[in-house]
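As recorded in TrEMBL:
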- Cys156, Cys159, Cys169, Cys172: Zn(2+) binding site (BINDING)
- Lys349: ATP binding site (BINDING)
- 17-410: domain 'Methionyl/Leucyl tRNA synthetase' (DOMAIN)
- 421-535: domain 'Methionyl-tRNA synthetase anticodon-binding' (DOMAIN)
- 24-34: motif ''HIGH' region' (MOTIF)
Amino acid sequence: MSTQTPDTEARRPGRPVLVAVAWPYANGQPHLGHIAGAYLPADIFARYQRMIGNRVLMVSGSDAHGTPITVRADEEGVTPQAIVDRYHPEFLRIWSDLAISFDLFTTTRTHNHEVVAQSVFTRLREAGYIYPKETSQFFDPDAGRFLPDRYVVGTCPHCSYTQARGDQCENCGRTLDPELLVDPRSKVTGAVPEMRQTTHFFLRLSGLSDQLLDWLQARQGWRRHVLNWSVQFVKDGLHDRAITRDLDWGVPLPTDELGPGKRLYVWFEAVIGYLSASKEWAAGTGDPEAWRAWWEDPEAAAYYFVGKDNIPFHTVIWPAMLLGHGGLDLPTDVPANQYVTFGGAKASKSAGIGRGVREYLDLLQPDALRFALASVLPEQNDTEISDGDIVRRVNDELIANWGNLVNRVMAQINKFFGGALPETGDLDGVHAELLASVDAGLVRVGELLERVELRAALRAAMEISAEVNAYLYREEPWKTVKVDKATAAHSLAVAVQAISGITTALAPFLPFSSARVADVLGIDLGVWARQPVAAGRELVWSGGLFTKLDADALDVTAPTGA
């Protein structure tokens, strides 16, 4: 069991790095909170890891068995499969449009996932960590059915939130059992549910708590709120949890000893999706055993990108399952994010808070949206965001700094030098200092990305751009060219070499525009280094990188920009 910090574990070139991303419920399109909370951070990190030469496997998929899907299906009078079939393709389109670079985005409805989930169940049972037990479960007398945890709502016993679900309070993040809710009611009929006896399989978390606590206390480099919360959660005492439910939708049990109508509980089987997706990806490559490099190699690293409400499942329950299973790598880091809020309220699909991502993609360039969200990633605290914030960050930061730098330099080289990059000439004084600063800045950005400090990494990259802008304002090549063309050429050539380094630094954040600049410069974004741009290269430039946003906050986009 490695005690290396997350950043050193991912730093060695060529090592396998698993980027495991939370599985969204296929019951509606994602909102900005989902993107900022898990998918964009995971993509930024994965892109950087690829650039430094690591072998990245980035996987996730649509959670098709969560009760939010069956709740929506009940509301619409359709099958759960119809809901999944509607939203899974939309997820795929959004990932493509936003350049979220999954190696595989699958679903929990595959035969492969069923087989892998059942095999994990069997392995844990054989190891003595799963056992059957008679228990009480809420039953809706009006509907004549047992109620899954999310079908029971009530008041949280910890924070008094009145709309807590039976599995977890969305307000305070504590995991719950339905019987702990105050004033419980059925989400199906609104009736007061009653307790009835049933038999379920339980995961013996109590038997894994000592191993789990030792593992957690050996973690280094984790976000403080994630580690402190997880350690305290285990210290408070782990209780065995039911891993089956009385349902007809989900992964069937590999045994029928409890009778019909039982399925694996979604919180148990969904986290197994990281393993099943890795195996599905491997099978698709023609090498079914390829997944082992990311799961059985002690030199591999595994990063789990999730939101705050998923912390217990990824720092406690999933590691406990892995410990009980044996032979599989535990998480290197779980850089869980806090919530994105809109008007002080947490973004939520179920509550209808926060606009869908598709609305923004219809109005914004994808890199503009990525930049605005990456600027406010809720890494340590909940982050408030509004349409006005997005407009301001795009116009006043992205365009005013980076967009204008690239456009100004390219336009002047085309105007004064026919588009051919002048010779850099001898580098000394402020010119050499500038490029040395760019190189040092690129190293700094990489260090921050390795530690999954993504906001700080973006800020550091933009500071390099600001420094090059300041250099140009001092050099004023647009004026100098009228009296000393050689000096102007030198300044612009140095600026292009600096832009090469900044393009690399921004590539994990802005893949579309970075690819465009890299193509003009003739550099390879598969390398984390400032690459020289050859003198004489034709820098064909056709206009600004980004479109300036109208002041009316995403209602209209202006046709001009930098």
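Including glycine, each Cβ sits where the backbone N, Cα and C put it.
All annotation found in TrEMBL is predicted automatically rather than curated by experts.
Outside the motif ''HIGH' region' (24-34) by six or more residues, the chain places 60, 62-64, 66, 68-69, 71-72, 83-84, 86-88, 90-91, 94, 107, 307, 339-340, 342, 346-349, 353-358, 360, 373, 385 with a CB less than 8 A from a CB of the stretch.
Look at the motif ''HIGH' region' (24-34): DSSP puts its residues at 3 helix, 2 strand, 6 coil. Within 10 Å of the C-beta atom of Cys156 (Zn(2+) binding site) sit 21 other C-beta atoms, taking all shown protein chains into account. Taken as a whole, the motif ''HIGH' region' (24-34) shows an average pLDDT of 92 in this prediction. The helix, strand and coil residue counts that DSSP assigns across the domain 'Methionyl-tRNA synthetase anticodon-binding' (421-535) are 81 helix, 0 strand, 34 coil. Report note: the Zn(2+) site is defined by Cys156, Cys159, Cys169, Cys172, and the residues of the same chain whose CB lies within 8 Å of the CB centroid of those residues, excluding them, are Pro157, His158, Ser160, Tyr161, Ala164, Glu170, Asn171, Gly173, Arg174. The Cβ of Cys169 (Zn(2+) binding site) lies under 8 Å from the Cβ of Cys156, His158, Cys159, Tyr161, Leu176, each of these being in the same chain and 6 or more residues away along the sequence.
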